[in-house]
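Undergrad: These came from TrEMBL, pasted as-is:
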TRANSMEM  37-57  transmembrane segment
DOMAIN    38-441  domain 'Ammonium transporter AmtB-like'
TRANSMEM  69-87  transmembrane segment
TRANSMEM  127-149  transmembrane segment
TRANSMEM  161-179  transmembrane segment
TRANSMEM  191-213  transmembrane segment
TRANSMEM  225-245  transmembrane segment
TRANSMEM  257-278  transmembrane segment
TRANSMEM  285-303  transmembrane segment
TRANSMEM  309-328  transmembrane segment
TRANSMEM  349-367  transmembrane segment
TRANSMEM  387-412  transmembrane segment
REGION    455-521  region 'Disordered'
COMPBIAS  458-474  compositional bias 'Basic and acidic residues'
COMPBIAS  502-521  compositional bias 'Basic and acidic residues'
């Protein structure tokens, strides 16, 4: 052991009179204060990833749906906090259940978790461990909500998130991290959540996108992210938080935590280089979005692997992940599922790559850096059976998360009032206006106010209130689509239509000019 004590007695629990009473003894004596401080800070770092995802998704979306993506990420955190406190932690980590699939409700409402040693380390209390794991579940949910982008209603998504956490995330977390989980007992190597966090989120987002349906094709012409600076800011937030995500998964301020941070950085940076070079070969220009995508893919791949593999293997992992995930972004076109935020490619696929690498490059001397664990490595240490364990685990998590998520989304979509999809008009108008009534950018509201209250140029001022409707949808062609007309369609006199409301002022002004030229002639 690298410490002078081994933690609290295994039967100890500060919530029970026979296990420890904080009114008569100092329960902190059993735990390492430095480790506790580190995990508290790591928990706060992981929490920062949630607004980071919001900024990332907001920048990738179009302007008219930018704020809705931030709202979805932050609201999902509220839902998960309730779910995790209510029964989520117990379903994932209760050590009273022995079925190997899911926990029980013995720790409902955080009962029996105050002063017990944690499942992750005997040197930190279970109460802190539960808080740290809460952030993991919340981040995973925020990743999944990327599936709702630009055409999904927000409240049904929040209902989905509650049941998804209960029926998808908690069972998978129990499999691999629970004391009696089948994958844990079998010897699967998943350091910080390649299964429950990355594959779980990627496949769940893909399933939700399938049930939700594709965005309107006629609105996708010249589509591009609306704010690359916001994408970069979100990526930096994620990068910062991921060091707490992967470093903190050593559950102590030890050498393994430092190694995990090193490996995460190496994988992220080499992933970004590989992705950017692949994009450059097509456009002969450097892409900031490509750098962000490669960085995130590398961090995702490091999630299951950073506490198991060596730095040189992390370099290889970063390069392979950047290449594989770049090409994986094309899969959504083959299968005709509109994964708008590329959650499947950057999280699901990268998580699979990281878990696969553990079967080859896991090293027992890296695992032992925490001073607690001693586990066999992968192929490089002649542990040949590790690979089939990893592959079986990948297949189980992939199939389970996709099928169950699709079933949850399908059932919710059939409940009156909880249909997942927004109307076509709402999609054209934008999710910010339809779902929130607020906007990421003030000038959107200013423009609508101007169009709504300014009389057309050919209309003389009168004492009556004349309130032209204006262009409710921001882009005249979108209004034409709702009216069933082709964009910029002209009538028999050559006058251009602009749909419902449309650009009424420009049309009226042009008409007045034509009439004046006729009179002058």
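Keep in mind that glycine also has a Cβ here, set from the backbone N, Cα and C atoms.
Remember, TrEMBL labels are computer predictions, not curated facts.
Quantities reported herein were computed from a predicted structural model and do not represent experimental measurements.
Each of the listed features needs to be described in terms of its position in the shown structure.
TA: Here the transmembrane segment (69-87) has Cβ contacts under 8 Å with residues 50-51, 53-55, 57-58, 60-61, 105, 108-110, 130, 133-134, 137-138, 141-142, 144-146, 148-149, 154, 157-158, 161-162, 165-166, 435-436, 440 of the same chain, all six or more residues outside its ends.
Same-chain residues lying 6+ beyond the ends of the transmembrane segment (127-149) with a Cβ under 8 Å from its Cβ atoms: 36, 39-40, 42-43, 46-47, 49-50, 53-54, 57, 60-61, 65, 69, 72-73, 76-77, 79-81, 83-85, 88-89, 92-93, 110, 113-115, 118-121, 157, 161, 164-165, 169, 173, 193, 196-197, 200-202, 204-206, 208-209, 212, 241, 245, 248, 251, 339-341, 343, 347.
Within its own chain, the transmembrane segment (191-213) has Cβ neighbours under 8 Å at 136, 139-140, 143-144, 146-148, 151-152, 157, 160, 164, 168-169, 172-173, 175-177, 183, 245-246, 249, 260, 300, 303-308, 337-341, 343-352, 354-355, 358, 393-394, 397-398, 401-403, 405-406, 409-410, 413, 420-421, counting only residues six or more beyond its boundaries.
Through the fold, the transmembrane segment (225-245) approaches residues 41-49, 51-63, 66, 136, 139, 192, 261, 264-265, 268, 288-289, 292, 295-296, 299, 302-303 of its own chain, all at least 6 residues removed from its boundaries and within a Cβ separation under 8 Å.
Listed by sequence, the residues of this chain that lie at least six past the ends of the transmembrane segment (257-278) yet keep a Cβ under 8 A from its Cβ atoms are 38, 191-192, 239, 242-243, 246-250, 286-287, 290-299, 301-302, 305-307, 309-311, 314-315, 317-323, 325-327, 366, 369-370.
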Undergrad: May I ask you to check whether the transmembrane segment (161-179) and the transmembrane segment (387-412) make contact, with contact taken as at least three Cβ pairs under 8 Å and only pairs 6 or more apart in sequence counted?
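TA: Result for the transmembrane segment (161-179) with the transmembrane segment (387-412) is yes.
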Undergrad: Cβ under 8 Å, sequence separation of at least 6 from the ends of the transmembrane segment (285-303): give me the contacting residues as numbers and ranges.
TA: 56, 60, 191-194, 197-198, 225, 228, 231-232, 234-235, 238-239, 242, 245-246, 260, 263-264, 267-276, 278-279, 314, 317-318, 321-322, 325-326, 329, 342, 345-347, 350-351, 353-354, 357
Undergrad: Averaging the per-residue pLDDT over the domain 'Ammonium transporter AmtB-like' (38-441), what integer do you get?
TA: 94
